[in-house]
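Copied over from TrEMBL, here are the features:
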BINDING   ARG97, ARG107, ARG135, ASP219  substrate binding site
BINDING   ASP219, ASP243, ASP247  Mg(2+) binding site
DOMAIN    4-346  domain 'Isopropylmalate dehydrogenase-like'
SITE      TYR142  site 'Important for catalysis'
SITE      LYS187  site 'Important for catalysis'
Amino acid sequence: MDLRVAVLPGDGIGPEIMSQGLAVMNAVADKYGHKVECREALCGSSAIEKTGNPFPDDTYNICKEADAVLFAAVGDPKFDNDPTAKVRPEQGLLAMRKKLGLFANIRPIQTFKCLLHKSPLRPELVDGADFVCIRELTGGMYFGEKYQDNDKAYDTNYYTRPEIERILKIGFEYARRRNRHLTVVDKANVLASSRLWRQIAKEMEPLYPDVTVDYMFVDNASMRMIAEPKFFDVMVTENTFGDILTDEGSCISGSMGLLPSASTGESTPVFEPVHGSWPQAKGQNIANPLAQILSVAMMFEYFGLKEEGTLIRKAVDASLDANVRTPEIQVENGMEYGTREVGEWIVDYIRKS
Ligand SMILES: NC(=O)c1ccc[n+]([C@@H]2O[C@H](COP(=O)([O-])OP(=O)(O)OC[C@H]3O[C@@H](n4cnc5c(N)ncnc54)[C@H](O)[C@@H]3O)[C@@H](O)[C@H]2O)c1
Ligand SMILES: CC(C)[C@H](C(=O)O)[C@@H](O)C(=O)O
Ligand SMILES: [Mg+2]
């Protein structure tokens with residue numbers, strides 16, 4: 001297969017983890033005879049510095065013309081610490097999602113046997129936990145009308161029926177392909193937007209008689225995820241709740257550096273870690289590259305290249321089993337491996353497989 005991939009390394013640890021993601025992608029492509037053509041583009045803080053725009057038109061065009069986008073992370077403390085800054089790196093990520101129509105963000109939460117004890121939860125609670133959060137990605141408070149002055153500010157949690165229907169459809173269909181259990185997470189006891197979500201979900205239920213649906217308030221869901229993560233199979237929720245719940249989900253897996261995602265919808269899909277640019281770790285070679293590498297696996301799988309994805313997952317499992325791990329999931333008194341070394345080990349494993 002010929003693939004054109006737009007590469008957006010972004011800020012902070014972004015370029016370091018992206019290098020490893022690309023090395024793995026190229027190793028897999030070589031092995032299976034795929035031709036991958038990469039074009040790198042600016043996004044986030046580095047794009048603001050060079051162009052004044054966190055998602056320049058050139059970047060948009062490169063993404064639009066590509067078959068897939070590999071995105072790392074954006075964000076910089078100079079903006080995080082200045083709430084008055086009007087132009088912000090994260091706007092680049094949001095603009096990319098909106099302009100490409102990427103309304104469905106697929107965030108799998110999985111566990112790795114050898115990392116069970118790295119979770120702050122008891123190993124028997126997390127052992128076997130495996131669910132997918134389908135996060136709505138182009139609506140809600142992130143994109144509703146906003147206002148801010150010195151005395152007041154608001155964000156509007158705006159959703160329309162078509163926006164809700166299309167993401168719920170993805171949730172129902174995902175549940176069908178898994179264990180047929182869908183949890184709709186909302187705050188329908190308080191929010192009008194959530195009540196519309198719940199109303200539409202109930203209307204759609206009869207179309208999927210084989211799927212068991214339950215409705216859970218987001219505060220309860222955040223507790224249940226920790227108390228009984230194996231309860232969940234597929235969860236579908238709005239933009240803000242999905243953002244928060246999936247960071248919480250990393251505690252089930254054992255590290256933020258383990259969660260990949262796929263943002264899909266109307267145009268070029270984007271494959272991106274759930275985590276951010278972790279600016280404190282920039283240049284230290286300590287960031288876990290696995291979220292980025294597993295995002296590459298999701299990219300191959302998206303194009304129907306199942307074996308390629310499986311090989312990456314096998315290589316990742318093998319690296320963890322061999323204790324080739326970044327510091328945050330390192331075994332006690334184990335050898336230290338950096339971002340680069342973990343990536344190189346995985347590339348080597350793929351070449352030798
Ligand atoms: N998708 C994105 O680009 C994205 C996502 C979240 C946050 N951000 C931005 O990133 C910046 C930092 O935000 P934050 O500190 O809230 O979130 P963050 O995800 O960057 O980091 C939070 C914590 O997660 C852990 N972590 C993150 N990535 C890791 C990795 N690869 N390996 C190991 N551990 C990892 C670290 O302990 C870190 O302190 C902010 O500017 C924020 O806006 C960007
Ligand atoms: C950086 C930020 C805009 C982004 C979001 O909130 O969607 C991030 O937290 C994520 O989870 O991808
Ligand atoms: Mg987030």
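Cβ atoms here come from the backbone N, Cα and C positions, even for glycine.
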Rounded to the nearest Å - Cα separation of LYS187 (site 'Important for catalysis') and ARG107 (substrate binding site): 20
Inter-residue Cα distance where the pair is ASP243 (Mg(2+) binding site) and ARG107 (substrate binding site), in Å: 10
Sorted by sequence, non-ASP219, ASP243, ASP247 residues with Cβ within 8 Å of centre, Mg(2+): VAL218, SER222, THR240, PHE241, GLY242, ILE244, LEU245, THR246, GLU248
Site extent for substrate, whole Å (max Cα pair distance, ARG97, ARG107, ARG135, ASP219): 27
Filtered recorded positions, from ARG97, ARG135, TYR142, LYS187, ASP243, whose Cβ is under 6 Å from an atom of ligand 3: ASP243
Neighbourhood of ASP247 (Mg(2+) binding site) by C-beta distance under 8 A, where only residues 6 or more apart in the same chain count: MET256, VAL274, HIS275
ARG97 (substrate binding site) and ASP243 (Mg(2+) binding site), distance between Cα atoms, whole Å: 14
DSSP-derived class (H/G/I helix, E/B strand, else coil) of ARG107 (substrate binding site): strand
Stretch-averaged pLDDT - the domain 'Isopropylmalate dehydrogenase-like' (4-346): 97
Residue with minimal Cβ packing [other Cβ atoms within 10 Å] among the binding-site residues ASP219, ASP243: ASP219
Protein Cβ atoms within 10 Å of ARG135 (substrate binding site), excluding its own: 28
Distance-selected recorded positions near ligand 2 (C-beta under 6 Å), from ARG97, ARG135, TYR142, LYS187, ASP219, ASP247: none
Whole-number Å value for how far TYR142 (site 'Important for catalysis') lies from ARG135 (substrate binding site) (Cα to Cα): 13
Rounded to the nearest Å - Cα separation of ARG97 (substrate binding site) and TYR142 (site 'Important for catalysis'): 11
